[in-house]
Structures are given as structure tokens and as C-alpha cells.
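Presented below is the structure to which this report refers.
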Amino acid sequence: MANTAMASSRAAALATALLFVVMFEVGVVRGQLQVGFYSDSCPDAEDVVTAAVQDAAGNDPTILPALLRLQFHDCFVKLADALSVHECLHQTGGPAFDIPTGRRDGLTSNLRDADALPDADDPIDSLRSRFAAAGLTDRDLVLLTAAHTVGTTACFFVKDRLYNFPLGAGRRGADPSIPAPFLAELKSRCAPGDLNTRLPLDRGSEARFDDSILRNIRSGQAVIASDAALVAGNATRAIVDAYLGAAARRFQKDFADAMVRMGSIGAITGDDGEVRDVCSAFNSN
């Protein structure tokens, strides 16, 4: 998955603000993740989040894909709710689905927890292992990678595929799996040494949620290595092919189901966590 730490600091700030608004009034509520968790303690929570996301997206369209990535990064390392993901998907043409909420903030913070996150250069075996360790399947890997159907990435995450890919015998150059015309296109947008120029993850359809990301991956037009890796393994390639064929009608529903499963990774509920007064710091008590 493309790391979005450099993509949008505004997205992180918005997510923090949304989290505070949603959870401010629920400090002593107990229970497991459930749809409508805030219906009694904060009945306007979803309307507040919807309005905030719509307002932010109106000012900066990059907010929507950035928040979608943020939910993946947060849940994969067992952090709190990102309720805004439903509205992000809705505004980009994605599926509507109910989101179980009620995650608490954790009581520990360890930089090494981020080591669990997939890396943009991970080969297929590493990706499958990381997802399996989080209780997710190969199908989840394909579906959640498809979130790259919206948004962009920086040349920083593409440069090694273009100029520093290991070719054997000590040689390095371009990833030979990239078709020549697409390679020329990528190099024209990401010159050597350029780390910051942004380019679409889903060529030709970066503003809308659809299955074109899978079509691009299957045809060799994946931008980052971890996306391209999906067709490097038999199991994941078969899943990609299925969603481009017989299972195409199930793609959006299955994506929504995968998002719900991801949202439950290591969920902390009740007294096992806390609702932080300041989202960036533990409560003093």
C-alpha cells in the first residue's frame, strides 16, 4: 500500500478532529463494535462527520482518498475509529455500507507497531504474510488494494521501480514487468531525483471508485510495486481475474465487507482503552 504520510497533513488533522467530535460524549459507554454505537450518546455523529467530510472535500479533493488510506493505516496498527470512510467512499462513487463503530484509543504507543504495515515495495509473499498476520485473507488483500482506485502517490514510492530495480548480477534499472509504453510514461512524469511529483494510482480513473484499478494491475499498468505484485502470485492473480470476470457484480459488496473486517482488526473496546481528551496524547488519568 502507498504510504500517505507525505500525502496530506490536512487529512490527518481532519481525521483527528472528526474522531474528537464523534467520541467526545461517549467516554463511559461500554460494548463491542456495533452499527449505531453512537445512536444514544451522540445521535448526530454520522451527520456531523458527513458534513465535515463534504466541507473538507469541497475545499480539497485530495482529502477523500487520503482519509481512506488513513483508515487502512490506523486499523492495521490497531488505532481508533475513522467513521468518515463511509462518506469518502460515497462521494467517490463507492459502495454504501454500515460501519460497526466503538473502537477505543489504545493505552500504549509504539513506533514499531507501524512495522506491520505493508510497504509499497513488498513482494507478494510479504504482502500475503502481513495480511494473514492481521487475520485477513488473500481476497481481502486484493480488495483492500483496490482502494487505490482513487488518489495519487508520490514519485518517491515509484522511483525504485523505474531506476533502481534489482536485475541480477549487481545490475539495476527499470522493473522489466512494466510494459515499455507505460514505463516511458512513468519516467516522463517521475524524472531521476524527483521525489514529490504526484501521479494517479489508478491511471485514467483516479477520481472515481471502480474496478479499473484491477484492470490496470492485470494489464501491467500498476504504478507501485505492491499493486503489481497481485498478479505475481497465482492465488491473488486468480482473485483479480475473478473480479474482472464472473465475480464482477460482487466487487463493491465484497470490498465493503473487507473494509468492515479490516475495521475490526485488534479492536479495543470498553475499559480496555480510552477516549482521549486530546487525540494526540494519552489522558492524564
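Glycine is treated like the rest: Cβ placed from N, Cα and C.
Caution: TrEMBL annotation is automatic and unverified by curators.
Features of the protein shown, as given by TrEMBL:
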- 1-31: signal peptide (SIGNAL)
- 32-283: domain 'Plant heme peroxidase family profile' (DOMAIN)
- ARG69: site 'Transition state stabilizer' (SITE)
- HIS73: active site, proton acceptor (ACT_SITE)
- ASP74, VAL77, ASP81: Ca(2+) 1 binding site (BINDING)
- HIS148: heme b binding site (BINDING)
- THR149, ASP202, ASP210: Ca(2+) 2 binding site (BINDING)
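Of all Cβ atoms in the shown protein chains, 17 besides its own fall within 10 Å of the Cβ of ASP210 (Ca(2+) 2 binding site).
Confidence annotation: the domain 'Plant heme peroxidase family profile' (32-283) carries a mean pLDDT of 88 in the model. Residues THR149, ASP202, ASP210 make up the record's Ca(2+) 2 site, and a Cβ search at 8 Å around their centroid adds ALA146, HIS148, VAL150, SER205, GLU206, ARG208, PHE209, ASP211, SER212, ILE213 from the same chain. Each residue contributes its Cα atom, and for ARG69 (site 'Transition state stabilizer') and HIS148 (heme b binding site) those atoms are 9 Å apart. Within the same chain, the residues at least 6 positions away from THR149 (Ca(2+) 2 binding site) whose Cβ sits under 8 Å from its Cβ are LEU201, ASP202, SER205, GLU206, ARG208, PHE209, ASP210, ASP211, SER212, ILE213, listed in sequence order. Fewest other C-beta atoms within 10 Å: among the recorded positions ARG69, HIS148, that description fits ARG69. Within 10 Å of the Cβ of ASP202 (Ca(2+) 2 binding site) there are 29 other Cβ atoms, across all protein chains.
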